[in-house]
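> The structure that follows is given in the form of structure tokens.
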Amino acid sequence: MSEISAEERESGTVFAPKFDSDGLLTAVVQHVDTREVLMVAFMNADALDATRKTGIAHFFSRSRQTLWKKGGTSGNTLAVSQVLVDCDQDAVILLVEPAGPACHTGARTCFYRELDCGALQDVRT
């Protein structure tokens, strides 16, 4: 992607994602209705493109070094309602309608534990 000015990046209308040195940007995934944070993942240009084209969240697996469609195996897809872009265009929030649990453990959200006095406590309700 071509470089744009800081002013255009921060206040303009040109979408020019600022990927890190590994070609990734952070994606925070929130439930469209409750705004609960469901997960955090990474997107490369291909994942961002696939998400925009299909309306289903796609991410880049750093461990497997491959593109993956969330819910491709489990069926627990994330239908993207809106993509919010931060001021630096190096992170996005995906507002989604989940088709099931967001976490691979089966939990509704990947954030189901709280750090309390040095130990993790389950906070699922």
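Cβ from N, Cα, C; glycine included.
Take a look at what Swiss-Prot says about it:
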BINDING   Asp86, Asp88, Asp90  Mg(2+) binding site
BINDING   Cys87, Cys103, Cys110  Zn(2+) binding site
> Judged by the number of other CB atoms within 10 angstroms, which among Cys87, Cys103, Cys110 is the least packed of the binding-site residues?
Cys87
> Would you identify the secondary structure of Asp86 (Mg(2+) binding site) according to DSSP, in three states?
coil
> Other than Asp86, Asp88, Asp90, which residues of the same chain sit close to Mg(2+)? List them in sequence order, counting a residue when its Cβ is within 8 Å of the Cβ centroid of the site.
Lys18, Leu25, Val85, Cys87, Gln89, Ala91
> Just counting, how many other CB atoms are there within 10 A of the CB of Asp86 (Mg(2+) binding site)?
14
> Report, in whole Å, the straight Cα-to-Cα distance of Cys103 (Zn(2+) binding site) from Asp88 (Mg(2+) binding site).
28
> I need the least crowded one of these binding-site residues (Asp88, Asp90), counting other C-beta atoms within 10 angstroms of each C-beta.
Asp88
